[in-house]
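Colleague: In case it's useful when we look at the structure, here is the feature table from TrEMBL:
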type: DOMAIN; residues: 50-426; note: domain 'Cation/H+ exchanger transmembrane'
type: DOMAIN; residues: 485-623; note: domain 'Cation/H(+) antiporter central'
type: DOMAIN; residues: 630-780; note: domain 'Cation/H(+) antiporter C-terminal'
type: TRANSMEM; residues: 31-50; note: transmembrane segment
type: TRANSMEM; residues: 62-78; note: transmembrane segment
type: TRANSMEM; residues: 98-115; note: transmembrane segment
type: TRANSMEM; residues: 127-149; note: transmembrane segment
type: TRANSMEM; residues: 161-183; note: transmembrane segment
type: TRANSMEM; residues: 195-219; note: transmembrane segment
type: TRANSMEM; residues: 225-245; note: transmembrane segment
type: TRANSMEM; residues: 266-299; note: transmembrane segment
type: TRANSMEM; residues: 344-369; note: transmembrane segment
type: TRANSMEM; residues: 376-396; note: transmembrane segment
type: TRANSMEM; residues: 408-430; note: transmembrane segment
Amino acid sequence: MVSNATAGLTCPSPMKPTSNGIFQGDNPLQFSLPLAILQICLVVVVTRGLAFILKPLRQPRVIAEIIGGILLGPSALGRSKSYMQAIFPPKSLPVLDTLANLGLLFFLFLAGLELDPKSLRQTGKRALGIALAGISLPFALGIGSSYVLKETISKGVNGTAFLVFMGVALSITAFPVLARILAELKLLTTDVGRMAMSAAAVNDVAAWILLALAIALSGTGKSSLVPLWVFLSGCIFVVCAILIVPPIFKWIAQRCHEGEPVKETYICATLAAVLAAGFVTDAIGIHAMFGAFVIGVLIPKDGPFADSLVEKVEDLVSGLFLPLYFVSSGLKTNIATIQGLQSWGLLVLVIFTACFGKIFGTLLVTLLCKATLREALTLGFLMNTKGLVELIVLNIGKDRKVLNDQTFAIMVLMALFTTFITTPIVMAIYKPEKRKRMADYKNRTIERKNPNTQLRILTCYHSARNIPSIINLLEASRGSEKREGLSVYALHLMELSERSSAIIMVHKARKNGLPFWNKSQQSDANHVVVAFEAFRQLSHVSIRSMKAISSMLGMHDDICNTAESNRAAIIILPFHKHQRVDGSLETTRSDFRLVNRKVLEHARCSVGILVDRGLGGTTQVAASSVSYFIMVPFFGGCDDREALAYGVRMAEHPGIRLRVIRFIVEPESMGEIVRVNIEAASSKLRSSDEEFLAEFKQNMAKDDSIKYEEKLIRNAADTIAVLSELKRCNLFLVGRRPECEAALDLSRSDDCSELGTVGGLLTSPDFSTTASVLIVQQYKSGASPNLTLQMEDESPDKDSESN
């Protein structure tokens, strides 16, 4: 009888790592490695797919990962036993949990790198008071609600540990998730955003301390002194780490120089130290992630060493291993356990308690700090954000039998709900008034009544690839000494992604406003900033380097606001394609095209798009060595006048020659050209063009570097033929919206409406030239909709445009 009973309780044999293949009769899903690969791929596809679906709702990716984990678990797909046995069999869970916790360990190391102890020491009294109120009241209410749960669905659990776990779970604020929400809503540099970031950082540290206490109290040791020994040992570990770790890593950081690769030995030693610290804290009886987090906090944040660590670790950890932790949580979450009116009532109670404690506690203290009700309420909802740390607390409580299945499911749904509502509610109750526009400055264009006034240019770039041509273009734009000079604002456009490095970047820069000014000495080490600084000193041009960190969907707002606040006359944007070695243009990122189109639509100054084919080569050209031939095809219209005004300014440089070709349609050939209904404004435009050209001809008579010609054309073919004769130049300056029937009739093989008809022709593969092209759109207050875009939107081939 005993042997039969034992046989009935035999555990399944452990899975072998690899199979011999399906041709030898092995099922890959019965072996740990191929099954783990399938699980990882499934998790990545589901979570990234959900993140894409939720992106229009501006939800942080953690929402998609939590929902993905729940869908893959017993709450949804897991209801099918065949699915669970095939994809997530019980014997595969130890391997899955091991990978998930390994990913969690290194992710918490990255989270420690995000947290700067110096910023915590600089936290003001207001932020500290808000953080303490946002912790203490929810913690107290969490303990109160735990008594209700303990008497209903959590009977027989460890009382003290359950109270602490519930208090910690309700009092947590997710610092990384909060930072991304603030950046997405462009609140990072508002008073509310700065206060929320400071308070959340304090809350984050307090949450880890409370979690360590909760873990210590949840031990299963028979002696009541065991939790005390665990907590004291943890404190000793932290003190020893503070004394030992910083000097070592400071020594390593001093040997890592900007622009040089960090030695593999240093990276390997650091990762080994993270694992060793995790082993120590796990041996103490706390979780291994604590050791990794402490090491991350103590590593110096200055210099390239910390950035190199993030670069080496984050993509693999965040992209592949960390999502497994959410699935591991989802496999433990069974929403079906929430049954009956009592269980759903308890869910409502927990959500209400969590929201009320955070929001009311934060609201009360914020109002006492003399903030407005709207700001206080917004801050309360922001501080109510949950995330990964919340799941860590709940999973540890579940593993240590402090939380049962039903309580765990209720708490996961609470975390999901409170985080999901943050973005829409904050958007609804806090709509910061648009920045007060500066006094309505007149010089929003290059064409102006007094051309000698200062020209302000906002030039944008995505990477160092754009820098040489931008600097060479700025050198050509200096003008003569009789002018008031050139003022340049160089804006580095950086995408706020889900990577940890993006939050580190935001955390370092958020104090400087938006855009983030490079004021620190550390930023001067950046070779791009050094290049602009060298140009400033050599050319005596006023130049400021800035950076803007935002999502691609909102990047145009940063560009337009920066131009407005700095009174820029023109914004120069890089084209979304770059030149390959063979001379053809290749798409860098199609998202950049969307940014350019939105800037063209919303900017309250002139805009130029630079199609870079190596203006001046791949290096900065000294002022004395500049030798450019610039071509301006003039068809008529405000954009062409703007391009010519820019060309005239460039021609003042001693090393630049300018050639202007005016295209005139022969009257007897007008019927051959496809007409567009612009007759109503044609006489006024023609008059403006004639006045501008008359003044231009009068001034150019004194300048030998400018040559003016007129060409008679009959149709688009004549236009193309003339332009082909002019292709041996260094730069084309063209208007985006020419007011000429011959130009509007030009066929375009590359349908990029942001370049206009002429710009599209000059950048198409059919037009062979090595010249860069600057397409200019002049700002006109209350201008009519763009004619070219109207034509494109009405085209049946609208959806087939190439990127």
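The backbone N, Cα and C atoms fix where each Cβ goes, glycine too.
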Colleague: Taking the transmembrane segment (225-245) as reference, which of 127-149, 161-183, 195-219, 266-299, 408-430 has the most Cβ pairs under 8 angstroms?
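Modeller: So the stretch in question is 266-299.
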Colleague: Quick one: find which recorded stretch in 98-115, 195-219, 266-299, 408-430 has the most Cβ pairs under 8 Å with the transmembrane segment (161-183).
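Modeller: Against the transmembrane segment (161-183), the leading stretch is 195-219.
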Colleague: Could you check whether the transmembrane segment (195-219) packs against the transmembrane segment (376-396) - three or more CB pairs closer than 8 Å, residues at least 6 apart in sequence?
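Modeller: With 3 or more qualifying Cβ pairs, these stretches touch.
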Colleague: Can you work out the mean pLDDT of the predicted model over the domain 'Cation/H(+) antiporter central' (485-623)?
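Modeller: That region's mean pLDDT is 74.
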Colleague: For the transmembrane segment (127-149), which stretch among 31-50, 98-115, 266-299, 376-396 has the most Cβ pairs under 8 A?
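Modeller: It is 376-396, which has the most Cβ pairs under 8 Å.
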Colleague: As a test: from 31-50, 62-78, 266-299, 344-369, 376-396, pick the stretch that has the greatest number of Cβ pairs under 8 Å with the transmembrane segment (98-115).
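Modeller: Per the Cβ under 8 Å count, 266-299.
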